[in-house]
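Asks: For reference, the structure I am asking about is given below.
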Amino acid sequence: MEFDLIHRHFATPFSALAQANGGTVIAGIGDDCAALRPAANHVLYVSTDTLVESVHFFTTDVPAVVGWKSLVSNLSDLAACGANPLGFTLNLSLPHVEEAWLASFSSGLLEAAAQYNCPLVGGDTTSAGTNLLKTISITVFGQAVGTHTGFHRSLARADDEVWVSGTPGLARLGLLLEYQCRGQLDRCCEPSSLQRVEALLGVLPEALKNSACQALQRPLPRLELGQRLHGVARACLDLSDGLSGDLLHITKASNLRAVLSLTALQALWLRKWPELSEHIDADSLLETLVFTTLEGGDDFELCWTCPSGQRAAKVAAGVAQSCVGKLEAGEGVWLMQHQDSEPIRLESRSYVHFSQGLT
């Protein structure tokens, strides 16, 4: 049954994409090992990630959405390193075989693989036991020219600017809306902030709600932007766990502190949705929106540092790029609320495994 399942839902649907990449994929599904051929003078990049049911996705999520996000979350890591995809492997553990779920999951996975030219080259399927949850593990392989730095987190320097793509926090807003629809908003909000979050969700324009749900269900890996940041960015990472927590990885590796601008973080939202200023007339509500940027996750936008006044040569595929702060001597991540005020240190409230459930 296992091999029939593999052929029906993975080997056959993905075969055309593998054949189209025959110059790179020397051996794929059906052999003991995959064999990939990077381009001459290129370095291999490898990233792996695991998604667990009820931790990273809801049991009731559309399987095609889960398939899309499973691959995109790994492709985003390649984007953060300035690499292009070569292929990926999939390990799938299931409590039992659900043909309809597998067909839908495979279709979403294939859509992402085809869109970003990343063929499936191998993997494994196992039984997780009837009392266990679905587990999806993907390892993605990419390449970048050998002279590229890889945007290591330790390469940031004092006086670098901190830049982000898109609107970090948008997926977190989508998750809050999802929990609200389920009548479970208290599961992902602290009691002290629940009333403010409810007030914020109640005044959001429909266009913003739709964008937030799209960001949660169908994130986009910024692969093209990662390529355009070659020679521009020093350090870079993708925002999978919230801006304040993820940026902390750069500050620790580089022995610096980041000072973020509240005005710049507010502008991320107001520039794209100026109608927010008509609906949000209380500072506390706008502050709540900003903290979805700082504490959210699953955006898969890029955050990078670069010398002052330098940015990507041109905007990649219409992706907005915004300077939201700077690096300086010190440690931690701080927030400057007003131009003449002292910054306040932010607590890292990004998602940490072994501390809580789905957030």
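Placed from the backbone N, Cα and C atoms, the Cβ positions cover glycine too.
Automatic, uncurated: that is what TrEMBL annotation is.
What TrEMBL records for 30-143 is domain 'PurM-like N-terminal'. Per TrEMBL, the feature Mg(2+) 3 binding site maps to Asp32, Asp77, Asp238. Marked as Mg(2+) 4 binding site by TrEMBL: Asp32, Ser47, Asp77. Annotation comment: TrEMBL describes Thr48, Asp49, Asp124 as Mg(2+) 1 binding site. As annotated by TrEMBL, Mg(2+) 2 binding site applies to Asp49, Asp77. What TrEMBL lists as substrate binding site is His56, Asp298, Tyr351. Annotation source TrEMBL lists ATP binding site at Gly123, Asp124, Arg153, Ser240. For Asp241, the entry in TrEMBL reads Mg(2+) 5 binding site.
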Asks: Report, in whole Å, the straight Cα-to-Cα distance of Ser47 (Mg(2+) 4 binding site) from Asp77 (Mg(2+) 3 binding site).
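Replies: Cα of Asp77 (Mg(2+) 3 binding site) to Cα of Ser47 (Mg(2+) 4 binding site) measures 7 Å after rounding.
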Asks: Taking Cα atoms as reference points, rank the binding-site residues Asp32, His56, Arg153 by distance from Ser47 (Mg(2+) 4 binding site) and give the first.
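Replies: Ranked by Cα distance from Ser47 (Mg(2+) 4 binding site), first place goes to Arg153.
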Asks: Who sits close to Asp298 (substrate binding site): which same-chain residues at least 6 apart have their Cβ under 8 Å from its Cβ?
Replies: Lys69, Ser73, Ala171, Arg172, Leu175, Leu216, Pro219, Ser240
Asks: Out of Asp32, Asp238, Asp241, which of the binding-site residues has the smallest number of neighbouring Cβ atoms within 10 Å?
Replies: Asp32
Asks: Gly123 (ATP binding site): which of the binding-site residues Asp32, His56, Asp238 is the nearest Cα neighbour?
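Replies: Sorting the binding-site residues by distance from Gly123 (ATP binding site), the top entry is Asp32.
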Asks: How far is it from His56 (substrate binding site) to Thr48 (Mg(2+) 1 binding site), counting Cα to Cα, in Å?
Replies: 15
Asks: Is it possible to list how many residues within the domain 'PurM-like N-terminal' (30-143) are helical, extended or coil according to DSSP?
Replies: 35 helix, 43 strand, 36 coil
Asks: For Arg153 (ATP binding site), what is the tally of other C-beta atoms lying within 10 angstroms of its C-beta?
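Replies: So the number of other Cβ atoms within 10 Å of Arg153 (ATP binding site) is 20.
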Asks: 10 Å Cβ neighbour count around Ser47 (Mg(2+) 4 binding site)?
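Replies: Ser47 (Mg(2+) 4 binding site): 20 neighbouring Cβ atoms within 10 Å.
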Asks: In which DSSP state, out of helix, strand and coil, do we find Asp238 (Mg(2+) 3 binding site)?
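Replies: Assignment for Asp238 (Mg(2+) 3 binding site) reads strand.
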Asks: In terms of DSSP three-state secondary structure, what is the assignment for Asp298 (substrate binding site)?
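Replies: Coil, per DSSP.
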Asks: Got a sec? Which of these binding-site residues, Asp49, Asp77, Asp124, has the most Cβ atoms within 10 Å?
Replies: Asp77
